[in-house]
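**Student:** Before I ask anything, let me first share the structure, which is written out below as C-alpha coordinates.
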Ligand SMILES: [Zn+2]
(Lines of atoms letter the chains of each structure in order from A and count residues from 1; the text may use other names and numbers.)
(Lines give C-alpha, C1' and ligand atoms only; values in the text may rest on other atoms or scores of the structure.)
Protein backbone atom coordinates (compact mmCIF):
# COMPACT_ATOMS: atom_id res chain seq x y z
CA UNK A 1 0.00 0.00 0.00
CA UNK A 2 1.47 3.26 -1.05
CA UNK A 3 1.40 5.99 1.51
CA UNK A 4 0.84 9.53 0.46
CA UNK A 5 4.02 11.52 0.85
CA UNK A 6 3.58 14.42 3.23
CA UNK A 7 4.55 17.80 1.89
CA UNK A 8 8.11 18.14 3.31
CA UNK A 9 8.00 21.91 3.58
CA UNK A 10 4.65 21.79 5.45
CA UNK A 11 6.07 19.14 7.78
CA UNK A 12 9.13 21.25 8.40
CA UNK A 13 7.01 24.30 9.16
CA UNK A 14 4.89 22.25 11.60
CA UNK A 15 8.00 21.01 13.38
CA UNK A 16 9.35 24.57 13.57
CA UNK A 17 6.12 25.76 15.18
CA UNK A 18 6.17 22.91 17.70
CA UNK A 19 9.78 23.64 18.50
CA UNK A 20 9.08 27.35 19.04
CA UNK A 21 6.11 26.54 21.23
CA UNK A 22 8.14 24.12 23.38
CA UNK A 23 10.95 26.66 23.73
CA UNK A 24 8.45 29.30 24.79
CA UNK A 25 6.89 27.02 27.37
CA UNK A 26 10.29 26.08 28.71
CA UNK A 27 11.35 29.71 28.98
CA UNK A 28 8.24 30.74 30.87
CA UNK A 29 8.46 27.70 33.10
CA UNK A 30 12.06 28.53 34.02
CA UNK A 31 11.30 32.20 34.63
CA UNK A 32 8.34 31.29 36.86
CA UNK A 33 10.50 28.95 38.88
CA UNK A 34 13.22 31.55 39.21
CA UNK A 35 10.69 34.15 40.38
CA UNK A 36 9.40 31.68 42.99
CA UNK A 37 12.95 30.87 44.12
CA UNK A 38 12.40 27.29 43.06
CA UNK A 39 14.93 24.79 41.91
CA UNK A 40 14.09 24.69 38.25
CA UNK A 41 17.73 25.23 37.39
CA UNK A 42 20.54 23.01 38.44
CA UNK A 43 22.29 23.34 41.77
CA UNK A 44 19.81 25.49 43.63
CA UNK A 45 21.34 24.50 46.93
CA UNK A 46 24.65 26.06 45.96
CA UNK A 47 25.34 29.70 45.25
CA UNK A 48 26.17 32.45 47.61
CA UNK A 49 22.74 33.97 48.18
CA UNK A 50 21.63 31.50 50.85
CA UNK A 51 18.13 30.00 50.66
CA UNK A 52 15.66 30.96 47.96
CA UNK A 53 15.50 34.70 48.55
CA UNK A 54 17.86 35.59 45.73
CA UNK A 55 16.75 34.19 42.36
CA UNK A 56 20.03 35.06 40.66
CA UNK A 57 21.88 32.73 43.03
CA UNK A 58 19.70 29.75 42.17
CA UNK A 59 22.30 28.07 40.01
CA UNK A 60 25.89 27.02 40.26
CA UNK A 61 28.76 27.77 37.93
CA UNK A 62 30.84 24.72 37.11
CA UNK A 63 34.14 26.12 38.23
CA UNK A 64 34.04 29.38 36.32
CA UNK A 65 33.53 33.01 37.23
CA UNK A 66 31.02 34.09 34.58
CA UNK A 67 27.91 35.81 35.90
CA UNK A 68 24.38 34.80 34.94
CA UNK A 69 24.19 37.83 32.61
CA UNK A 70 27.44 36.82 30.95
CA UNK A 71 26.26 33.23 30.54
CA UNK A 72 23.05 34.44 28.92
CA UNK A 73 24.71 37.00 26.69
CA UNK A 74 27.52 34.76 25.43
CA UNK A 75 25.62 31.46 25.49
CA UNK A 76 25.88 30.87 21.75
CA UNK A 77 29.67 30.96 21.83
CA UNK A 78 29.86 29.18 25.22
CA UNK A 79 27.99 26.30 23.58
CA UNK A 80 30.91 25.77 21.20
CA UNK A 81 32.95 22.86 22.57
CA UNK A 82 36.14 24.40 21.15
CA UNK A 83 35.45 27.74 22.85
CA UNK A 84 33.56 27.35 26.13
CA UNK A 85 33.74 29.17 29.46
CA UNK A 86 37.54 29.32 29.72
CA UNK A 87 37.90 31.17 26.43
CA UNK A 88 35.04 33.51 27.34
CA UNK A 89 36.61 34.31 30.69
CA UNK A 90 39.88 35.17 28.96
CA UNK A 91 37.99 37.49 26.56
CA UNK A 92 36.14 39.20 29.42
CA UNK A 93 39.42 39.77 31.24
CA UNK A 94 41.27 40.85 28.08
CA UNK A 95 41.88 44.19 26.43
CA UNK A 96 42.45 45.30 22.83
CA UNK A 97 43.70 48.62 21.45
CA UNK A 98 42.20 49.46 18.05
CA UNK A 99 44.28 52.02 16.15
CA UNK A 100 41.83 53.63 13.70
CA UNK A 101 38.02 53.79 13.86
CA UNK A 102 37.48 53.71 10.10
CA UNK A 103 36.67 51.01 7.55
CA UNK A 104 38.77 48.31 9.23
CA UNK A 105 38.23 49.51 12.80
CA UNK A 106 34.44 49.54 12.47
CA UNK A 107 33.86 45.76 12.36
CA UNK A 108 36.80 45.17 14.73
CA UNK A 109 35.25 47.38 17.41
CA UNK A 110 31.70 46.13 16.88
CA UNK A 111 32.59 42.42 17.04
CA UNK A 112 35.05 42.75 19.92
CA UNK A 113 32.45 44.69 21.91
CA UNK A 114 29.73 42.20 21.07
CA UNK A 115 31.78 39.14 21.98
CA UNK A 116 32.70 40.57 25.38
CA UNK A 117 36.33 41.75 25.29
CA UNK A 118 36.59 43.42 28.70
CA UNK A 119 38.26 46.65 27.65
CA UNK A 120 38.52 48.27 24.23
CA UNK A 121 40.76 51.23 23.50
CA UNK A 122 39.70 53.09 20.35
CA UNK A 123 42.10 55.62 18.86
CA UNK A 124 41.41 58.06 16.01
CA UNK A 125 41.96 61.81 15.65
CA UNK A 126 39.42 62.33 12.86
CA UNK A 127 35.77 63.29 12.67
CA UNK A 128 33.04 61.40 10.81
CA UNK A 129 32.49 62.60 7.24
CA UNK A 130 29.64 61.63 4.96
CA UNK A 131 31.96 59.91 2.48
CA UNK A 132 33.13 57.60 5.31
CA UNK A 133 29.70 56.05 5.79
CA UNK A 134 29.82 53.58 2.87
CA UNK A 135 32.49 51.56 4.67
CA UNK A 136 32.80 52.83 8.25
CA UNK A 137 29.63 51.13 9.38
CA UNK A 138 30.08 51.87 13.08
CA UNK A 139 29.15 55.51 12.37
CA UNK A 140 25.78 56.90 11.30
CA UNK A 141 24.43 59.94 9.50
CA UNK A 142 23.66 61.42 12.90
CA UNK A 143 27.34 61.26 13.88
CA UNK A 144 28.68 63.20 10.87
CA UNK A 145 30.92 65.96 12.25
CA UNK A 146 31.46 64.12 15.54
CA UNK A 147 34.79 62.64 16.68
CA UNK A 148 35.02 59.09 15.37
CA UNK A 149 36.08 57.79 18.78
CA UNK A 150 32.95 59.28 20.40
CA UNK A 151 30.67 57.79 17.76
CA UNK A 152 32.44 54.40 17.89
CA UNK A 153 32.47 54.21 21.70
CA UNK A 154 28.75 54.94 21.82
CA UNK A 155 28.03 52.20 19.26
CA UNK A 156 30.12 49.65 21.19
CA UNK A 157 28.43 50.43 24.50
CA UNK A 158 25.00 50.31 22.85
CA UNK A 159 25.77 46.71 21.89
CA UNK A 160 27.39 45.75 25.17
CA UNK A 161 27.17 48.07 28.16
CA UNK A 162 29.07 45.60 30.35
CA UNK A 163 32.45 46.32 28.73
CA UNK A 164 34.78 49.27 29.23
CA UNK A 165 35.65 51.54 26.30
CA UNK A 166 38.49 54.06 26.40
CA UNK A 167 38.46 56.72 23.67
CA UNK A 168 41.71 58.34 22.46
CA UNK A 169 40.76 61.33 20.27
CA UNK A 170 44.27 61.65 18.82
CA UNK A 171 46.60 59.64 16.62
CA UNK A 172 49.28 57.23 17.74
CA UNK A 173 52.59 59.11 17.96
CA UNK A 174 56.13 58.02 18.75
CA UNK A 175 55.91 59.90 22.06
CA UNK A 176 52.71 58.24 23.32
CA UNK A 177 52.78 54.81 21.65
CA UNK A 178 54.60 52.73 24.27
CA UNK A 179 52.73 54.15 27.25
CA UNK A 180 49.34 53.42 25.64
CA UNK A 181 50.15 50.06 24.02
CA UNK A 182 51.52 48.65 27.30
CA UNK A 183 48.01 49.01 28.78
CA UNK A 184 46.54 46.46 26.33
CA UNK A 185 46.96 42.74 25.69
CA UNK A 186 46.54 42.85 21.89
CA UNK A 187 46.84 45.69 19.35
CA UNK A 188 44.85 45.90 16.10
CA UNK A 189 46.31 48.11 13.40
CA UNK A 190 43.31 49.49 11.54
CA UNK A 191 45.14 52.57 10.27
CA UNK A 192 45.80 53.40 6.66
CA UNK A 193 49.21 54.99 6.39
CA UNK A 194 52.73 53.65 6.17
CA UNK A 195 54.20 55.80 8.97
CA UNK A 196 51.67 54.49 11.52
CA UNK A 197 52.24 50.90 10.34
CA UNK A 198 55.96 51.14 11.21
CA UNK A 199 55.25 52.90 14.52
CA UNK A 200 52.58 50.41 15.68
CA UNK A 201 54.78 47.47 14.74
CA UNK A 202 57.89 48.85 16.47
CA UNK A 203 55.94 49.77 19.60
CA UNK A 204 54.38 46.29 19.74
CA UNK A 205 57.85 44.71 19.52
CA UNK A 206 59.25 46.94 22.27
CA UNK A 207 56.15 46.50 24.47
CA UNK A 208 55.99 42.77 23.63
CA UNK A 209 52.40 42.78 22.33
CA UNK A 210 50.93 40.84 19.40
CA UNK A 211 49.78 42.98 16.49
CA UNK A 212 46.86 42.12 14.21
CA UNK A 213 47.53 44.05 11.02
CA UNK A 214 45.08 44.50 8.14
CA UNK A 215 44.86 46.48 4.92
CA UNK A 216 42.22 46.99 2.24
CA UNK A 217 42.63 48.76 -1.06
CA UNK A 218 40.40 48.78 -4.07
CA UNK A 219 38.90 45.31 -4.30
CA UNK A 220 41.64 43.53 -2.37
CA UNK A 221 42.61 42.99 1.22
CA UNK A 222 45.23 41.30 3.35
CA UNK A 223 45.96 40.56 6.97
CA UNK A 224 48.51 38.93 9.24
CA UNK A 225 49.58 38.78 12.88
CA UNK A 226 52.98 40.28 13.69
CA UNK A 227 55.23 39.79 16.68
CA UNK A 228 53.46 36.68 17.90
CA UNK A 229 54.72 33.20 18.64
CA UNK A 230 58.24 34.05 17.46
CA UNK A 231 56.91 35.24 14.08
CA UNK A 232 58.20 38.28 12.16
CA UNK A 233 57.35 41.92 12.73
CA UNK A 234 56.38 44.41 10.01
CA UNK A 235 60.00 45.58 9.66
CA UNK A 236 61.25 42.00 9.20
CA UNK A 237 59.19 41.86 6.01
CA UNK A 238 59.50 45.51 4.95
CA UNK A 239 62.83 46.87 6.22
CA UNK A 240 62.52 49.85 3.89
CA UNK A 241 59.27 51.76 3.18
CA UNK A 242 57.60 51.30 -0.20
CA UNK A 243 58.61 54.06 -2.65
CA UNK A 244 54.97 54.87 -3.41
CA UNK A 245 54.61 56.25 0.12
CA UNK A 246 56.19 59.44 -1.18
CA UNK A 247 54.08 59.54 -4.30
CA UNK A 248 51.09 61.81 -3.93
CA UNK A 249 48.67 61.36 -6.79
CA UNK A 250 45.20 62.87 -6.89
CA UNK A 251 43.65 59.71 -8.28
CA UNK A 252 43.20 57.70 -5.09
CA UNK A 253 42.41 54.08 -5.76
CA UNK A 254 39.16 54.10 -3.83
CA UNK A 255 37.78 51.10 -1.97
CA UNK A 256 34.61 49.04 -2.14
CA UNK A 257 33.00 49.46 1.29
CA UNK A 258 32.52 45.79 2.07
CA UNK A 259 36.20 44.89 1.49
CA UNK A 260 37.58 46.58 4.64
CA UNK A 261 34.48 45.16 6.33
CA UNK A 262 35.64 41.62 5.52
CA UNK A 263 39.29 42.29 6.42
CA UNK A 264 38.27 44.02 9.67
CA UNK A 265 36.04 41.10 10.58
CA UNK A 266 39.01 38.77 10.07
CA UNK A 267 41.10 41.07 12.28
CA UNK A 268 38.47 40.80 15.01
CA UNK A 269 38.62 37.01 14.67
CA UNK A 270 42.42 36.97 15.03
CA UNK A 271 42.26 39.22 18.11
CA UNK A 272 39.65 36.90 19.64
CA UNK A 273 41.79 33.82 18.90
CA UNK A 274 44.89 35.37 20.49
CA UNK A 275 43.05 36.63 23.58
CA UNK A 276 41.01 33.50 24.15
CA UNK A 277 43.90 31.14 23.26
CA UNK A 278 41.66 29.31 20.82
CA UNK A 279 42.68 28.25 17.31
CA UNK A 280 45.79 29.00 15.32
CA UNK A 281 46.46 32.74 14.80
CA UNK A 282 47.83 34.01 11.48
CA UNK A 283 51.44 34.37 12.60
CA UNK A 284 54.09 33.96 9.86
CA UNK A 285 51.27 33.69 7.33
CA UNK A 286 49.35 36.30 5.35
CA UNK A 287 45.75 35.98 4.27
CA UNK A 288 45.02 37.59 0.89
CA UNK A 289 41.51 38.40 -0.25
CA UNK A 290 40.60 38.93 -3.90
CA UNK A 291 37.02 40.06 -3.53
CA UNK A 292 36.21 40.11 -7.25
CA UNK A 293 37.01 36.42 -7.78
CA UNK A 294 35.84 35.55 -4.23
CA UNK A 295 39.20 33.91 -3.59
CA UNK A 296 40.98 33.84 -0.26
CA UNK A 297 44.37 32.26 0.10
CA UNK A 298 47.13 32.26 2.69
CA UNK A 299 50.81 32.54 1.89
CA UNK A 300 53.70 31.64 4.16
CA UNK A 301 55.76 34.66 5.17
CA UNK A 302 59.51 34.94 5.65
CA UNK A 303 60.48 34.26 9.25
CA UNK A 304 61.85 36.70 11.74
CA UNK A 305 64.96 38.50 10.46
CA UNK A 306 68.11 38.38 12.61
CA UNK A 307 69.07 41.80 11.15
CA UNK A 308 65.70 43.44 11.91
CA UNK A 309 66.31 46.78 13.63
CA UNK A 310 63.18 46.26 15.74
CA UNK A 311 63.11 42.58 16.70
CA UNK A 312 66.51 41.27 15.53
CA UNK A 313 69.58 40.28 17.55
CA UNK A 314 70.79 43.82 18.33
CA UNK A 315 67.79 46.11 17.84
CA UNK A 316 68.37 49.81 17.30
CA UNK A 317 64.76 50.52 18.20
CA UNK A 318 64.06 50.26 21.90
CA UNK A 319 62.12 52.06 24.63
CA UNK A 320 64.62 54.93 24.58
CA UNK A 321 65.06 55.44 20.81
CA UNK A 322 61.47 54.77 19.69
CA UNK A 323 59.89 57.94 21.17
CA UNK A 324 62.37 60.05 19.19
CA UNK A 325 62.22 58.15 15.89
CA UNK A 326 61.00 60.24 12.94
CA UNK A 327 58.41 57.90 11.40
CA UNK A 328 57.08 60.45 8.92
CA UNK A 329 60.57 61.26 7.66
CA UNK A 330 61.56 57.59 7.48
CA UNK A 331 58.50 56.58 5.47
CA UNK A 332 58.05 59.86 3.53
CA UNK A 333 54.40 59.58 4.49
CA UNK A 334 52.26 61.69 6.82
CA UNK A 335 51.10 59.98 9.99
CA UNK A 336 47.48 60.57 9.09
CA UNK A 337 44.78 58.75 7.18
CA UNK A 338 43.57 62.07 5.76
CA UNK A 339 44.41 63.04 2.19
CA UNK A 340 48.08 63.98 1.81
CA UNK A 341 48.74 67.74 1.73
CA UNK A 342 48.91 69.37 -1.68
CA UNK A 343 52.40 70.02 -2.98
CA UNK A 344 53.30 73.28 -4.71
CA UNK A 345 55.34 72.47 -7.80
CA UNK A 346 54.60 75.31 -10.25
CA UNK A 347 55.13 79.00 -9.48
CA UNK A 348 52.38 81.51 -8.71
CA UNK A 349 52.80 83.02 -12.19
CA UNK A 350 51.61 79.67 -13.57
CA UNK A 351 48.63 79.31 -11.22
CA UNK A 352 45.18 80.75 -10.84
CA UNK A 353 42.85 80.43 -7.86
CA UNK A 354 39.40 78.90 -8.27
CA UNK A 355 37.85 82.29 -7.51
CA UNK A 356 39.85 84.05 -10.21
CA UNK A 357 39.14 81.31 -12.72
CA UNK A 358 35.43 81.63 -11.90
CA UNK A 359 35.60 85.41 -12.54
CA UNK A 360 37.22 84.73 -15.88
CA UNK A 361 34.41 82.34 -16.84
CA UNK A 362 31.76 84.86 -15.76
CA UNK A 363 33.51 87.50 -17.88
CA UNK A 364 33.14 85.17 -20.91
CA UNK A 365 36.87 85.29 -21.60
CA UNK A 366 37.97 82.80 -24.25
CA UNK A 367 39.89 79.89 -22.74
CA UNK A 368 40.21 76.10 -22.64
CA UNK A 369 39.52 74.17 -19.43
CA UNK A 370 41.50 70.95 -19.37
CA UNK A 371 40.48 68.31 -16.80
CA UNK A 372 43.32 65.79 -16.36
CA UNK A 373 41.53 63.27 -14.11
CA UNK A 374 41.00 59.69 -15.25
CA UNK A 375 37.91 59.27 -17.39
CA UNK A 376 35.99 57.26 -14.78
CA UNK A 377 36.43 60.11 -12.30
CA UNK A 378 35.52 62.72 -14.92
CA UNK A 379 32.25 60.91 -15.58
CA UNK A 380 31.24 61.19 -11.90
CA UNK A 381 31.16 65.00 -11.98
CA UNK A 382 32.91 67.70 -14.00
CA UNK A 383 32.78 71.42 -14.73
CA UNK A 384 30.85 72.51 -17.84
CA UNK A 385 32.70 72.94 -21.15
CA UNK A 386 35.80 71.12 -19.98
CA UNK A 387 38.02 68.89 -22.09
CA UNK A 388 39.02 65.60 -20.47
CA UNK A 389 42.55 64.41 -21.25
CA UNK A 390 43.78 62.09 -18.46
CA UNK A 391 47.20 63.03 -17.11
CA UNK A 392 48.69 59.65 -18.08
CA UNK A 393 47.60 60.14 -21.69
CA UNK A 394 48.55 63.81 -21.99
CA UNK A 395 51.89 63.34 -23.83
CA UNK A 396 50.19 61.37 -26.60
CA UNK A 397 47.17 63.67 -26.84
CA UNK A 398 48.92 67.02 -27.22
CA UNK A 399 47.31 67.46 -30.65
CA UNK A 400 43.86 67.22 -29.06
CA UNK A 401 44.82 70.03 -26.68
CA UNK A 402 46.31 72.07 -29.53
CA UNK A 403 43.10 71.61 -31.55
CA UNK A 404 40.94 72.83 -28.66
CA UNK A 405 43.17 75.87 -28.16
CA UNK A 406 42.88 76.78 -31.86
CA UNK A 407 39.14 76.35 -31.80
CA UNK A 408 38.70 78.76 -28.89
CA UNK A 409 41.31 81.37 -29.80
CA UNK A 410 39.66 84.49 -31.27
CA UNK A 411 42.58 85.03 -33.66
CA UNK A 412 42.87 81.37 -34.67
CA UNK A 413 46.26 81.04 -32.93
CA UNK A 414 47.15 78.85 -29.96
CA UNK A 415 47.58 81.51 -27.33
CA UNK A 416 44.22 81.24 -25.67
CA UNK A 417 44.72 80.61 -21.92
CA UNK A 418 44.71 76.94 -21.00
CA UNK A 419 43.54 76.23 -17.44
CA UNK A 420 44.27 72.78 -15.98
CA UNK A 421 42.20 71.20 -13.21
CA UNK A 422 42.18 67.84 -11.40
CA UNK A 423 40.84 66.51 -8.11
CA UNK A 424 43.19 68.09 -5.58
CA UNK A 425 45.65 70.14 -7.61
CA UNK A 426 48.71 67.85 -7.72
CA UNK A 427 48.33 66.16 -11.10
CA UNK A 428 47.24 69.45 -12.69
CA UNK A 429 50.55 71.09 -11.70
CA UNK A 430 52.48 68.27 -13.31
CA UNK A 431 50.27 68.61 -16.40
CA UNK A 432 51.17 72.32 -16.58
CA UNK A 433 54.86 71.35 -16.62
CA UNK A 434 54.27 68.78 -19.38
CA UNK A 435 52.34 71.30 -21.50
CA UNK A 436 54.86 74.11 -21.01
CA UNK A 437 57.72 71.87 -22.02
CA UNK A 438 55.68 70.90 -25.09
CA UNK A 439 55.54 74.54 -26.14
CA UNK A 440 52.26 75.79 -24.66
CA UNK A 441 53.01 79.21 -23.15
CA UNK A 442 49.85 80.36 -21.41
CA UNK A 443 49.03 77.32 -19.28
CA UNK A 444 47.85 77.73 -15.69
CA UNK A 445 47.15 75.37 -12.81
CA UNK A 446 43.83 75.87 -11.03
CA UNK A 447 45.06 75.80 -7.45
CA UNK A 448 43.60 73.08 -5.23
CA UNK A 449 41.54 71.50 -8.00
CA UNK A 450 37.89 70.59 -7.69
CA UNK A 451 38.16 70.24 -3.92
CA UNK A 452 39.00 73.95 -3.69
CA UNK A 453 36.28 74.70 -6.25
CA UNK A 454 33.73 73.28 -3.79
CA UNK A 455 35.14 75.34 -0.92
CA UNK A 456 35.73 78.63 -2.76
CA UNK A 457 33.14 78.80 -5.51
CA UNK A 458 30.39 76.21 -5.64
CA UNK A 459 29.42 74.23 -2.52
CA UNK A 460 26.78 72.40 -4.56
CA UNK A 461 29.46 70.69 -6.68
CA UNK A 462 29.97 67.11 -5.28
CA UNK A 463 32.88 66.99 -2.82
CA UNK A 464 34.78 64.02 -4.24
ZN1 LIG B 1 61.33 42.37 13.00
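Quick reminder: no glycine exception, Cβ is built from N, Cα and C everywhere.
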**Student:** For which of the residue intervals 5-32, 33-60 does TrEMBL record coiled coil?
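**Tutor:** Coiled coil, as annotated by TrEMBL, spans 5-32.
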**Student:** From the centroid of the CB atoms of 233, 236, 308, 311, the recorded Zn(2+) site, which same-chain residues not already listed sit within 8 A by their CB, in sequence order?
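**Tutor:** Near the Zn(2+) site, beyond 233, 236, 308, 311, sit 201, 205, 226, 227, 232, 234, 235, 237, 304, 305, 309, 310, 312.
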**Student:** Under a threshold of 6 Å between Cβ and any atom of ligand 1, which of the recorded positions 103, 135, 192, 311, 422 are retained?
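**Tutor:** From 103, 135, 192, 311, 422, counting a Cβ under 6 Å from ligand 1 as near, the near ones are 311.
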**Student:** Summarise the domain 'Rhodanese' (363-462) as counts of helix, strand and coil residues per DSSP.
**Tutor:** 43 helix, 15 strand, 42 coil
**Student:** Could you tell me the C-alpha distance between residue 192 (ATP binding site) and residue 236 (Zn(2+) binding site) in angstrom, no decimals?
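**Tutor:** About 19 Å separate the Cα atoms of these two residues.
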**Student:** Mind checking which of 131, 135 has the fewest other CB atoms within 10 A of its CB? They're the binding-site residues.
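**Tutor:** Fewest other Cβ atoms within 10 Å, among the binding-site residues 131, 135, is found for 131.
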**Student:** Where's the emptiest Cβ shell within 10 Å among the recorded positions 133, 233, 236, 311, 422?
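**Tutor:** If we count Cβ atoms within 10 Å for the recorded positions 133, 233, 236, 311, 422, the smallest count is at 133.
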**Student:** To see if you understand the setup: which same-chain residues, six or more apart in sequence, place their Cβ under 8 Å from that of residue 103 (ATP binding site)?
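**Tutor:** Correct list: 132, 135, 136, 190, 192, 216, 255, 257, 260, 261, 264.
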